[in-house]
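K.L.:
Shown below is the structure under consideration.
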């Protein structure tokens, strides 16, 4: 664990959230004698707004994430040092994304604050997952969050937003590698238990932002836009991690470990098939829409 922490500290760059926010674009809102927010002030498309809101509100729930990771890891030695360092790095993400959205008037600030309050009041609960399950889940989740930030940045077609989200995504990638390394080591020390944990987290995976108000509708919009969908989840999240861990090459599994791996293989195949169906339906809808526009 100490080696993994030192590796992370050696790779993590110092960066300042305020350097990614275009402060010169800011002005007062109504209560200070300025302008109230209006939708026309935003340079972002409706889908880009939705994606940025979801990403920000997911980051906002950091106090709950800290509580759950702290419970699983404890506060002793390198484990406790990591929890605090990870929390400090994650804290920057909500700061700069919110500042960007408020300064540029990208989203309705009142609705954003109401959603933040509701999301944080609900909190996040791992249901007392075991340590191996927490590490497996967060490996997938950190990579998923990285991809969501990067794809959102590209989708905005706004250079400052893309630069900011690329910076945030770099943090998420380093966090993913940290947790991925723990799971890799666990596969060598306790292969059967770790295989079960990986399988359970693939089967039950949900993004931590699923408690955000209107999350299901917003997730569908993001999927239709290609920001985060089932194909991305299979190809860019699940498959790369399983390949990195070499789960289908692990030798010496007992009966329970083999059973878990069989379940994992079936789950990945089912996800791949579901992703193919989703992409096919999305392409069909896009083709029909294009045909109608051509006939108009």
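Just so you know, the numbers here start at 1 and follow the chain as drawn.
A Cβ is built for glycine as well, from the same backbone N, Cα and C atoms used for every other residue.
Features from TrEMBL:
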{"type": "BINDING", "residues": "59, 90, 93, 172", "note": "Fe cation 1 binding site"}
{"type": "BINDING", "residues": "90, 142, 172, 175", "note": "Fe cation 2 binding site"}
K.L.:
Quick one: which residues besides 59, 90, 93, 172 have a Cβ within 8 Å of the Fe cation 1 site's Cβ centroid, in sequence order?
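P.N.:
Nearby residues not in the site list: 62, 89, 91, 92, 94, 145, 168, 171.
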K.L.:
I want the residues beyond 90, 142, 172, 175 whose C-beta is within 8 angstroms of the mean position of the Fe cation 2 site's C-beta atoms, in chain order.
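P.N.:
For the Fe cation 2 site the neighbour list reads 86, 89, 138, 145, 146, 171, 173, 174, 176.
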K.L.:
Measuring Cα to Cα, how far is residue 59 (Fe cation 1 binding site) from residue 142 (Fe cation 2 binding site) in Å?
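P.N.:
Each residue's Cα considered, residue 59 (Fe cation 1 binding site) and residue 142 (Fe cation 2 binding site) end up 11 Å apart.
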K.L.:
Around the C-beta of residue 93 (Fe cation 1 binding site), how many further C-beta atoms are within 10 angstroms, looking at every protein chain?
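P.N.:
Result for residue 93 (Fe cation 1 binding site): 25 other Cβ atoms within 10 Å.
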K.L.:
For each of the binding-site residues (90, 142), count the other CB atoms lying within 10 A of its CB, then report the residue with the highest count.
P.N.:
142
